[in-house]
Amino acid sequence: MSGHTHPCCKIGPSILCADLSCLADECRKMIHSGADYLHLDVMDGHFVPNLTFGHPIVKCLRPKMPDIYFDMHMMVQNPERWVESMADAGANQYTFHVEACEDIPALCRKIQESGMRVGVGLKPGTPVETILPYLDLFDVVLIMTVEPGFGGQSFMEDMMSKVQYLRTNFPYLDIEVDGGVGPNTIDVVAEAGANMIVSGTAITGASDPSQVIALLRNSVENAIQKSQLER
């Protein structure tokens, strides 16, 4: 998704907020509405209090949508445990939480060797400095703008300072934001410098998801254009 080029805008609906009883249809609907990728929240009931789904679901989805980018948000303890299973299931990106990881370089190597892109997530209370020594090991940094594991929380605008810091110092990094992002909060997220936008109910609950995706994309692309002109 990036390299030494300015990161482009990617919109990834969080399918956790969709109707899980007809997941493949919901995923297709999101892609047809203009989504660039799908954000799949894996929760283990330990790292976060909720329980969602694991690699068997991903493995079932993959043949139904062979070309769609699956971004696995692994809100799990012992994230190293699930790397092979997720790679085997057809995941494209494996985003683990720094708070759950004891050996960051080893886990990043494992993810890369399994053929997936490496993402790292930070809870709201985790300072961005925690990951700076390892930044060259990650493809994507995910800044959580709510506490992971609970739905329906309010967007934490003060997390944008993390996004701004990363964008200013690492202009080529893919920066993802997840939690309470929708039409009312997208401008502040875009202006801070995020280019990968995870949005749940704002998209999946909309009567016209394509309209919401287009609105989010427009805001991010305008901010990217503006920042490039300023440079």
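From the backbone N, Cα and C atoms, a Cβ is placed for every residue, glycine too.
Unlike curated entries, TrEMBL annotations are predicted automatically.
For S14, H73, G149, F150, G151, G152, G180, G200, T201, the entry in TrEMBL reads substrate binding site. The divalent metal cation binding site annotation in TrEMBL covers H39, D41, H73, D178. Look at TrEMBL and you will find D41 tagged as active site, proton acceptor. The active site, proton donor annotation in TrEMBL covers D178.
Structure with TrEMBL features highlighted.
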residue	record	CB count, 10 Å
S14	substrate binding site	24
H39	divalent metal cation binding site	27
D41	divalent metal cation binding site	24
H73	divalent metal cation binding site	27
G149	substrate binding site	19
D178	divalent metal cation binding site	25
G180	substrate binding site	22
T201	substrate binding site	16
Environment of H39, D41, H73, D178, the listed divalent metal cation site - residues of the same chain whose CB lies within 8 A of the CB centroid: G12, S14, L16, L40, D71, T95, L142, V198
In sequence order, the binding-site residues (G149, G180, T201) whose C-alpha falls within 10 A of H39 (divalent metal cation binding site): none
